[in-house]
Amino acid sequence: MTQEHLKDIDMGEEPVKTMSMNPKKFMLWLAIASITMMFAGWTSGYLVRKAEGNWHEFDLPNIFLYSTAVLVVSSVFMHLAVRAAKKDNFNTLKIAISITFAFGMAFLFMQWYGFSDLVKNQLHFSGSDVAASWIYVFVGIHGLHIISGLVVLLFSLVSSFRLSINANNLTRIQLCATYWHFLDGLWLYLFFFLYFNR
Amino acid sequence: MATATLHANDTHAHGHDHEHEHHEPGFIRKYIFSEDHKTIAKQYLITGIIWAFFGGALSIIFRLQLGFPNMNLDWLKPVLGEWIVEGKLEKEFYLALVTMHGTIMVFFVLTAGLSGTFSNFLIPLQIGARDMASGFLNMLSYWFFFLSSVIMFASLFIETGPASGGWVIYPPLSALPQAMPGSGLGMTMWLTSMTFFIVSQLLGGVNYITTVINLRTRGMSFTKMPLTIWAFFFTAVLGLLSFPVLLSAALLLIFDRSFGTSFYLSEIYIGGEALPNVGGSAILYQHLFWFLGHPEVYIVLLPALGITSEVIATNARKPIFGYRAMIGSMMGITVLAFIVWAHHMFVTGMNPFLGSVFMFLTLIIAVPSAVKAFNYITTLWKGNIIFTPGMLFSIGLVSLFISGGVTGIILGNSALDINLHDTYFVVAHFHLVMGAASFFGLLAGVYHWFPKLFGRMMNNTLGYVHFWLTFAGVYCVFFPMHYIGIAGFPRRYYSFTALANNAQDTFADLNAFISIAAILTFAAQAIFAFNFFYSIFKGKKATQNPWNSNTLEWTTPINVGHGNWEGEIPAVYRWPYDYSKPGSASDFIPQNVPFSATPESNFPEENEEIAKEKEIEGLLAVQNDVYNH
């Protein structure tokens, strides 16, 4: 089958579509859907519980505001890294992905600091203050996902320094970027959810 | 565009897969840690069958207690040991038995054993793919299931007994280790096991969906897919969206049990002493649990319905009636499954208005279900029915689906449910409509695809005996339970002493009858086990296409090798249900026969399809690129 022959085929037809998406990327989107459902379950549970009354209202630690900014910045650099990889711009790629990783780590430490802030204000995970326990669940489980994201990011980081990510080999960094942007979006959702539903 | 992305992806995987092709994998890679979807399917099937016998045996033990409350059970001591006290079943162990029976049957047999087997086996074979999208994740999926099985199985043997709070493990019973012996270590193991189980299901589901979407052979458009594949696809979507929510519920329960939180606990007194936990809500758990729990019913049932569509159309030698209506009704069931969960909670003190909304949504499910039932019957109508054992079990499924389904309309009514909630009426309903029906789907699938699974045939005579004993047995067990439920017998009770009008005496005979029927039905399954395992080794050799079926799996070699097709994967030109087509000499036209080869039987609109055949052929290069390792 020659290339010319392929050109004659209308690529918009249905049969082509059966094989047009990278299965790995598709799987990642499905995984994202299931993680979303898990958090949707929790946020709905939070609302149901809150509606029952007897609810402790308190302010979120300020540091969560800064950590949100840090995570957004890291997401921006992730985007720049992918763009650099597409143009085979290796120096920019290395710098951008390193910054992404560093900001990701910083985010994780800030979340941890947020926990100790909560503890300082007598807001503990265990005990009878359910409102506080929920915060630990949201931030903690999101943090676990961030750790998994950092592991994925580390693989891309190492590959970028070995120059094995380039314009012809983008799958790895694209998968990594999709997941990282998702974790960023998930945190934004959780942050604003908690901010408006205290 | 399409080719470019695929190439980029291929160069990456090239080195690894190259090795694969030239070395026949060793015993361990081939039969144990296999990445081949057919081997994984067989692993799921055999694990599922073993679990089914354990789950069934547990139900026989508690049926002995219910049917013959005065029986001396000392003869069970060699197996149950300390669980038999003075010739009687220990009360706590009775609760453990019903819990484990439910858990094993719902999750390990009818979820993993059914869709694990047939989704894995049939998706690549029927859509024309060499394997699943990710063989590695598929292997992980089975071994997570295996790990979860080992933990659940081990929990049967610990001193305090396995989890005992019912398969729904409602808190606070399940959240407080001091509540009952089964809420201690047994419950911890239950939760651990189920966490691994959920991981396994998610890995499997991701794979099934991706494979169906991405790896169909050329020409296999969505409207040419067999209904089995549609059913597995919707099942996987249901699982992918609902199992994570069960994980949410289970994690909060784990926090309550082990980390001292109060998500589900509030104002509980044990032995006159108040627990420190306040502010939790036990109802919250029920909401989260049933958000999975209800879709789970369809996760169990849909694959069985898909298998039935295929088996009935093939053996009635008629096109399936209402192909698109079947897809539409499955889609409807999938969507509705997510918005009816609270009908399990009508008596939790929920707002009656909310109850009426959920009642309305629940009753709507009767519509797509009835569409499916009518379509099965109209497919059978005036067909040239061939009664293979697989066909008998499929027709049996339709029967059970209808007789179990009509009681769903009664239970879905929020007013009637007040009376019937948690009685044997509910037990009868769901055992018929999802338990037995799905089991029949599983058995139909095993009988029908056994030649493809093992290259041999199962014995038909034994199959018929097995079917009639099981079919009669299932009705004898579950039909009388409706009356027992209406008489007010609550489920999960160890014994009955003070029912209205002395119902416990009036219905003693009926309970004994049910138990005898259950024992006979269970014994009849030995016929199946013998037939199954004997035929794997000694069965009659299968022919290429023993049921004269249209779908792609019958175009593979009799003993399917790695990669499924030896040459090119066949292209698909028509839907899978061209049976007894007017004008055609043969009463079936497989999916890979182009319309240009059958001018005598084409409908006018199909003659127009001939022009597109070149186009489908042209995709061969694109398709080969996907597998170009």
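Just so you know, the numbers here start at 1 and follow the chain as drawn.
Cβ coordinates are placed from backbone N, Cα and C, and glycine is handled just like the others.
The shown structure was predicted, so the numbers you read here are calculated from the model rather than taken from an experiment.
Annotated region 'Disordered' per TrEMBL: B:1-23, in sequence order.
The compositional bias 'Basic and acidic residues' annotation in TrEMBL covers B:9-23.
As annotated by TrEMBL, domain 'Cytochrome oxidase subunit I profile' applies to B:27-597.
According to TrEMBL, the feature transmembrane segment maps to B:44-66 (among others).
The transmembrane segment feature in TrEMBL is assigned to B:93-123 (among others).
Under the heading transmembrane segment, TrEMBL lists B:135-158 (among others).
Per TrEMBL, transmembrane segment is recorded for B:190-215 (among others).
Annotated transmembrane segment per TrEMBL: B:227-255 (among others), in sequence order. For the transmembrane segment (B:227-255), the list of distant contacts is 111, 115, 118-119, 122-123, 126-127, 169, 171, 174-175, 191, 194-195, 198, 201-202, 204-206, 208-209, 212, 261, 263-264, 285, 288-289, 291-293, 295-296, 298-299, 302-303, 305-307, 309-310, 320, 323, 326-327, 330-331, 333-334, 337-338: same-chain residues at least six beyond its ends, Cβ to Cβ under 8 Å.
Marked as transmembrane segment by TrEMBL: B:297-313 (among others).
Positions annotated as transmembrane segment by TrEMBL: B:325-347 (among others). Same-chain residues lying 6 or more positions outside the transmembrane segment (B:325-347) and placing a CB less than 8 Å from one of its CB atoms are 227, 230-231, 234, 237-238, 241-242, 283, 286-287, 290-291, 293-295, 297-298, 302, 305-306, 309, 354-355, 358-359, 361-362, 364-365, 367-369, 371-372, 375, 411-412, 414, 417-418, 421-422.
Residues 305, 322, 325-326, 328-330, 332-333, 336, 339-343, 346, 398, 401-402, 405, 408-409, 412-414 of the same chain, all 6+ positions outside the transmembrane segment (B:353-374), place their C-beta atoms under 8 angstroms from a C-beta of that stretch. TrEMBL lists B:353-374 (among others) with the feature transmembrane segment.
The annotation transmembrane segment is assigned in TrEMBL to B:386-411 (among others). Long-range contacts of the transmembrane segment (B:386-411) within its own chain (CB-CB distance under 8 A, at least 6 residues past either end) are made by residues 304-305, 307-308, 311-312, 315-317, 343, 362-363, 365-366, 369-370, 372-373, 376-377, 380, 417, 420, 425-426, 428-434, 436-437, 440-441, 443-448, 458, 460, 463-464, 466-467, 470-471, 474-475, 478-479, 482, 547.
Marked as transmembrane segment by TrEMBL: B:423-450 (among others).
Residues or ranges marked as transmembrane segment in TrEMBL: B:462-484 (among others).
Marked as transmembrane segment by TrEMBL: B:512-534 (among others).
Between the transmembrane segment (B:512-534) and the transmembrane segment (B:44-66) there are at least 3 Cβ pairs closer than 8 Å, counting only pairs 6 or more residues apart in sequence, which means the two stretches are in contact. In this chain, the transmembrane segment (B:44-66) lies close to the transmembrane segment (B:135-158): three or more C-beta pairs between them fall below 8 angstroms, excluding pairs fewer than 6 positions apart.
It is B:423-450 that, among the stretches B:93-123, B:135-158, B:190-215, B:297-313, B:423-450, forms the most Cβ pairs under 8 Å with the transmembrane segment (B:462-484). Predicted-model confidence for the domain 'Cytochrome oxidase subunit I profile' (B:27-597) is 94, expressed as mean pLDDT.
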